[in-house]
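If you check Swiss-Prot, you get these features:
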type     : residues                                       : note
SIGNAL   : 1-30                                           : signal peptide
SITE     : ASN199                                         : site 'Transition state stabilizer'
BINDING  : GLY276, SER277, THR278, ALA279, VAL280, GLY281 : NAD(+) binding site
ACT_SITE : GLU298                                         : active site, proton acceptor
ACT_SITE : CYS332                                         : active site, nucleophile
Amino acid sequence: MPFWWPLIVLAFAYAICKFLLMLIPPNVPSIDVDASDVLAHGKDTEENSFIYIPPRGRSQQSDKKVQCYEPATMKYLGYFPALSPTEVEERVTLSRKAQKTWAQSSFKLRRQFLRILLKYIIEHQELICEVSSRDTGKTMVDASLGEIMTTCEKITWLLSEGERWLKPESRSSGRAMLHKVSRVEFHPLGVIGAIVPWNYPFHNIFNPMLAAVFSGNGIVIKVSEHASWSGCFYFRIIQAALAAVGAPENLVDVITGFAETGEALVSSVDKMIFVGSTAVGKMIMRNAAETLTPVTLELGGKDAFIICEDADVSHVAQVAVRGTLQSSGQNCAGAERFYVHKDIYTAFIGQVTKIVKSVSAGPPLTGRYDMGAICLQEHSEHLQSLVNDALDKGAEIAVRGSFGHLGEDAVDQYFPPTVLINVNHNMKIMKEEAFGPIMPIMQFSTDEEVIKLANDSRYALGCAVFSGSKHRAKQIASQIQCGVAAINDFASNYMCQSLPFGGVKDSGFGRFAGIEGLRACCLVKSVVEDRFWPLIKTKIPKPIQYPVAENAFEFQEALVETLYGLNIWDRLRSLIDVLKFLTDQSSNVSRTRKSH
């Protein structure tokens, strides 16, 4: 006992010191970011008065300018240049030059960059959310959940664990190489390209940027033409934080444009990250194949939401509605297929109907609305076509939410929260990605049936399984083909930033987030060196030195069994043979050569 007391005292003292150090706030400088232009309500300035503004929608875009509007009100926000391929290549070249300097930076400096960003985000949550709301139509609460919390979680994870997972990692050397030390090193790739969507403009920029910059890379991000206004403001935050730590200019860049701009980016960088539709993802792959550029594709989703009869119906109903209506249903990992056990089917529909009836949609910054606008005007027509197809094939509308006061020019930007019942897999709503506030509910009888239904999709991003038995929920989830699974919850995986995120099938491949996503930004290099240099070096055994001996293959046979044989006695017997070969070889070689 006396032997352990000093160790216990030291451990206790260490814990106390660590706790006291936590009470000392880190020295993190503040940054100033000009937000005067994004706080104005709409742009009716003389500068932009000559531009034709279509009465509705964003489909009429100039080839040379990216025109920006508020989806919720259709107020004009301004325009940004659509970069040419030559301009894109110039931006990548500048980032590549800056990256060579940044690759030598310390993790201490990189962590300070993250802390500066985190401090600014926490202190300017309302500004960041309002900008996102204006550019995408989502509510402030939806922006806080999807933009602020997810980004802060990623920064916090990188601060606490990022360096650990980028340091050289020791690996076992195996039986044949016991005299060697093996490790894996993680080096920056160079310049990473990212093409990101409009649904969460703040997080979609910060997510790849944080991983790329922390791992020593430069990054050029093409923002969506439907969220360029917010993307260019968020870029100012990154620029200010980089300048505060003395990072080289142009390390990070945000570019605007259309397909031509994105294609040029794919052919210019060392790795591509694409988040978007399956159709565009296939185009990215084809273009990347020309230069053998590695790609990570996070594409569409049609997540299954499974509710067993032993689940808490009232609790699950709240989660289900949030999973459907968050950001007006415009989520990559969105709940799009609901499978409810027949014994609780009616009860679940009743609970969901009650909640959805209380939901109102409207311009998020003009009143207290639960749900905002649809970002793309033409998408409302697509959503209605999915509903009509289901109704034509026997489905029914259980309930639809209500609208607040909508401006005439923005009426097509909204779609009511809709619950469909009596649906089946013959309907498009259960097969095509909706990306909207529609909840189609289908009943099932057995676990085997619901697993088959959940896997009957070309998409395979995520799933959620609810059951009073955790074991049962885990058993069901383990048999569903997808990259992300939540037990008795929905989409909680994304708030666990140590976890990789991505899917299979038409939902893409590769992973971002977590250890796997961080290391995906790296050149993964295997390194082997002598363990006892210079005392023990690798030496070619005499039997297989050139010119090889007559019994070289017999030597190899004995060596293989010595190293890998399953029976210890056979291995020892073979070891004796190996030693004989090594000691007798010189005379054997001599006799062999003389005979010729």
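Just so you know, glycine gets a Cβ as well, placed from its N, Cα and C.
Known features from Swiss-Prot, placed on the structure.
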residue : record                             : Cβ within 10 Å
ASN199  : site 'Transition state stabilizer' : 25
GLY276  : NAD(+) binding site                : 23
SER277  : NAD(+) binding site                : 15
THR278  : NAD(+) binding site                : 17
ALA279  : NAD(+) binding site                : 10
VAL280  : NAD(+) binding site                : 17
GLY281  : NAD(+) binding site                : 22
GLU298  : active site, proton acceptor       : 27
CYS332  : active site, nucleophile           : 26
Residues flanking the NAD(+) site, with Cβ no more than 8 Å from the Cβ centroid of GLY276, SER277, THR278, ALA279, VAL280, GLY281 and excluding those residues themselves: PHE274, LYS282, MET283, ILE284, LEU299, GLY300
Nearest recorded site to ASN199 (site 'Transition state stabilizer') by CA-CA distance, among recorded positions THR278, ALA279, GLU298: GLU298
CYS332 (active site, nucleophile) in three-state DSSP notation: coil
Nearest-integer angstrom distance between the alpha carbons (Cα) of CYS332 (active site, nucleophile) and GLY276 (NAD(+) binding site): 8
GLY281 (NAD(+) binding site) in three-state DSSP notation: helix
The residue listed as 'active site, proton acceptor' and SER277 (NAD(+) binding site), Cα-Cα, nearest whole angstrom: 8
Spatial separation of the residue listed as 'active site, proton acceptor' from THR278 (NAD(+) binding site) - C-alpha basis, Å: 8
Euclidean distance between Cα atoms of GLY281 (NAD(+) binding site) and GLU298 (active site, proton acceptor), Å: 8
